[in-house]
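Per TrEMBL, the features are:
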TRANSMEM  6-27  transmembrane segment
REGION    37-150  region 'Disordered'
COMPBIAS  71-98  compositional bias 'Pro residues'
COMPBIAS  108-150  compositional bias 'Low complexity'
BINDING   281-288, 363-367, 425-428  GTP binding site
DOMAIN    446-459  domain 'SRP54-type proteins GTP-binding'
Amino acid sequence: MTTGAWIALAAALAVLLVVLVVGLVLYRRRRISLTATEKPSAGAPEIDRSGGYQAGGGFNFSQGPTATAEPPAPPAPSAPPVSAAPPVPPAAPTPAPEAPEEVPETPAPVEETPTEVPLADVAPTDVTPTEVTPTEVTPTEPTAPTTELVEVEPLAPESDRPVLDEIAPTSGRLERLRGRLSRSQSAIGKSVLGLLGGGDLDEDSWEEIEDTLLIADLGTATTTKVVERLRQEMAARSVRSEADARALLREVLVDELKPDLDRSVRALPHDDHPAVLLVVGVNGTGKTTTTGKLARVLVADGRRVVLGAADTFRAAAADQLQTWAERVGAEVVRGKEGADPAAVAFDSVARGIDEGVDVVLIDTAGRLHTKTGLMDELGKVKRVVEKKASVDDVLLVLDATIGQNGLAQARVFSEVVDITGVVLTKLDGTAKGGIVFQVQHELGVPVKLVGLGEGADDLAPFEPGAFVDALLG
Ligand SMILES: Nc1nc2c(ncn2[C@@H]2O[C@H](COP(=O)(O)OP(=O)(O)OP(=O)(O)O)[C@@H](O)[C@H]2O)c(=O)[nH]1
């Protein structure tokens with residue numbers, strides 16, 4: 001081979017080598033880039049879409065588990081169907097077919113999007129929420145999801161919005177509202193403290209304490225534990241004054257309320273989708289009112305909120321939620337009467353994702369826990385929502401005035417939708433504040449919020465210490 005031929009061969013080999021090296025580098029770069037995009041390093045700071053928001057003193061908000069049950073692609077009708085045959089309206093001769101768990105398309109976006117509303121800057125007014133008298137009407141089962149029945153009520157342009165009233169400070173609410181617990185206070189605090197502070201207790205006095213706690217709805221298990229511990233501690237410590245007795249009773253009751261439970265409301269947004277909360281319960285317990293009050297706290301703290309009116313059985317229920325939305329500065333997604341509640345719930349979340357809001361609160365229709373068809377429907381609402389995003393918190397709203405019956409309700413709801421928190425409403429109207437102990441003891445689910453009145457700011461985070469202080473007066 002000539003020298004020239006050797007040179008040509010060497011040059012060809014060099015070019016081939018360069019091509020191979022460049023190809024390898026490009027290939028590896030591409031791989032690194034993909035990996036980095038899909039799985040950010042564990043220590044990477046989370047994107048804060050809240051404008052630096054920190055949960056205001058009082059209400060404690062957290063982020064729900066990050067795992068999304070299913071990808072946010074348009075869901076396929078593959079989820080299990082509703083198991084029980086729904087009640088049939090008189091006109092229908094045969095049971096309606098089970099609706100496949102399909103979800104409709106999200107309605108076309110509208111121009112106006114909600115903005116942060118500076119509640120602190122607006123003039124206070126005396127507006128009170130629209131009240132809807134709870135009815136005994138049992139809603140009928142829905143038909144299949146119907147896209148055209150879902151509508152979005154965005155926030156009106158700023159100039160057309162009603163003047164928002166000033167929100168009461170969110171911190172220290174339970175202390176401020178302690179007077180509302182006066183009925184429970186005389187039942188638990190005054191009588192038990194009176195007996196304990198009286199010095200040596202005979203068997204009759206211990207029985208009286210036990211009866212008082214039972215009447216205040218602490219339940220047998222908690223009452224027995226509390227009395228046993230009081231007896232031990234009274235024997236071990238010197239309890240000479242009413243102050244000593246108060247300190248002891250406080251300690252025992254607070255311990256029973258399990259102060260270490262996580263009571264944060266999972267309302268902080270995820271990186272790529274809003275927090276989703278489902279509000280459930282039987283008729284008239286205060287679901288809509290609680291949803292409105294909670295939205296008010298969230299908006300006042302700088303959150304953007306979508307309210308989903310998944311009660312499609314009564315137009316008045318959606319109207320009531322819409323009134324709240326207007327008052328607090330949130331957007332509402334609602335369905336016409338007869339729309340599938342699961343479709344409305346799904347569209348609320350879709351809307352929340354599209355708009356990049358922080359929280360979607362879904363208010364569901366009241367339903368009796370004994371109606372299997374309606375409970376199945378609630379399960380379907382949750383499953384359908386989870387095709388879009390995981391549900392972070394399922395809040396069961398219980399009416400404290402109904403006592404033991406609330407527990408029966410709670411058990412059934414818990415089986416169907418796996419409740420993660422309880423809101424105990426109407427504690428202002430009952431002497432049975434002890435139900436808080438029982439609810440937690442029986443369900444193992446924390447009471448997260450308490451309703452202490454009909455006013456817009458009469459919702460407080462549940463804090464065991466402050467609650468027991470209020471009970472003891
Ligand atoms: N006293 C008192 N009343 C409350 C409280 N929470 C709600 N209410 C009242 O209870 C009534 C029923 O409240 P709603 O919010 O409509 O109840 P709901 O569970 O949404 O009712 P349905 O949609 O019919 O199931 C209303 O008059 C509320 O003002 C509370 O904490 N204390």
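Any Cβ shown, glycine's included, is placed from N, Cα and C.
Shown here: features listed in TrEMBL, placed on the structure.
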{"residue": "Gly281", "record": "GTP binding site", "contacts (Cβ under 8 Å, 6+ apart)": "Lys287, Gly366, Leu396, Val397, Leu398, Gln409, Phe413"}
{"residue": "Thr364", "record": "GTP binding site", "contacts (Cβ under 8 Å, 6+ apart)": "Leu278, Val279, Val280, Lys287, Ala310, Asp311, Pro341, Ala345, Leu378, Val381"}
{"residue": "Leu427", "record": "GTP binding site", "contacts (Cβ under 8 Å, 6+ apart)": "Arg180, Leu181, Ser184, Ala400, Gly433, Val436, Val450, Gly451, Leu452"}
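Taking the domain 'SRP54-type proteins GTP-binding' (446-459) as a whole, pLDDT averages 92 in the prediction. Following the DSSP three-state reduction, the secondary structure of Gly281 (GTP binding site) is coil. Secondary structure of the domain 'SRP54-type proteins GTP-binding' (446-459) per DSSP, as helix, strand and coil residue counts: 0 helix, 6 strand, 8 coil.
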